[in-house]
Amino acid sequence: MLGDLFTKPKKRKYATIPSDGTKADVPEGIMTKCPECKKIMYTKELQKNLMVCNYCGFHHPIGAKARIDMLVDEGSFEEIDANLTTANPLGFEDYMDRIEKDKQKSGLNEAILTGHATIGGNPLVIAVMDSRFRMASMGSVVGEKILRAVEDADKTNKPFVIFTASGGARMQEGMLSLMQMAKTSAAFKRFSNHGGLVITVMTHPTTGGVSASFASLGDYNFAEPGALIGFAGRRVIEQTVREELPEDFQTAEFLLKHGQLDDCISRLDLQNKLSFILSIHVKTPEVGGEADGE
């Protein structure tokens with residue numbers, strides 16, 4: 001009995017049974033797991049639902065081209081300023097290598113896609129930011145493309161609609177990126193002074209210099225449900241004000257509740273909503289005066 005206490009236990013032997021190869025081979029990308037409710041669904045079904053979760057309504061991120069395809073009238077989109085590409089004015093190390101990788105990943109030359117289109121037959125100039133490209137940070141080219149798009153809307157007498165999704169100003173361009181905040185805001189103001197209509201739709205995430213400049217300067221300011229919208233990060237604010245912030249702080253729903261948004265609109269309803277707003281703001285030619293030769 002006592003001897004058993006000092007006896008080494010015998011090691012259990014295990015045998016590895018080879019797989020018979022009958023395990024189902026699931027192609028990559030065929031299923032998508034919702035990060036919010038953790039439910040798994042077919043990717044094709046998710047795409048049919050405009051990348052909105054069928055179970056909880058979570059809005060999955062989408063690229064600029066996909067958003068335009070699901071929003072504007074088929075075949076109506078005509079891109080503008082596609083030739084504008086980023087330089088490296090500060091000589092930031094490996095910046096251009098990162099830009100090239102993002103070009104391949106997103107299929108875009110920059111973090112924003114701009115052009116003319118129609119929604120429900122209503123003409124507009126549209127701009128869509130793409131978070132796959134440098135987290136849609138605003139550098140000199142992004143600012144320039146927004147400026148030119150707004151000026152195009154002004155010249156052609158069309159409304160301007162912009163979808164924002166950004167991590168803020170692009171640090172690799174330093175002061176040049178910060179200048180875009182004033183540049184874009186001034187363009188919005190000039191357009192507004194000329195009677196132009198601006199609609200902003202903030203998507204997840206809209207933060208930093210973009211949220212602090214043009215993102216909230218629309219005549220209508222909308223957001224997708226659950227979008228993170230704010231300037232500084234939650235922890236930075238808590239450490240500054242020395243207070244615990246509400247759980248839903250910096251969400252689209254929180255901003256709507258406190259009067260900083262006009263509406264929080266599901267992606268599934270956005271096309272109809274925009275079509276209606278654009279239709280009631282159509283500018284008609286003035287009757288009489290010089291137009292009639294008087």
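Cβ atoms here come from the backbone N, Cα and C positions, even for glycine.
According to Swiss-Prot, the domain 'CoA carboxyltransferase N-terminal' annotation covers 30-294. Among the features that Swiss-Prot reports, Zn(2+) binding site is placed at Cys34, Cys37, Cys53, Cys56, with the record citing sequence analysis. Among the features that Swiss-Prot reports, zinc finger is placed at 34-56, with the record citing sequence analysis.
Highlighted in sequence order, Pro35, Glu36, Lys38, Lys39, Asn54, Tyr55, Gly57, Phe58 have their Cβ within 8 Å of the centre of the Cβ atoms of Cys34, Cys37, Cys53, Cys56, the residues recorded for Zn(2+), and are not part of that set.
When Cβ atoms from all protein chains are considered, those within 10 Å of Cys34 (Zn(2+) binding site) total 18, not counting its own. Mean model confidence of the zinc finger (34-56) amounts to 95 (pLDDT, 0 to 100 scale).
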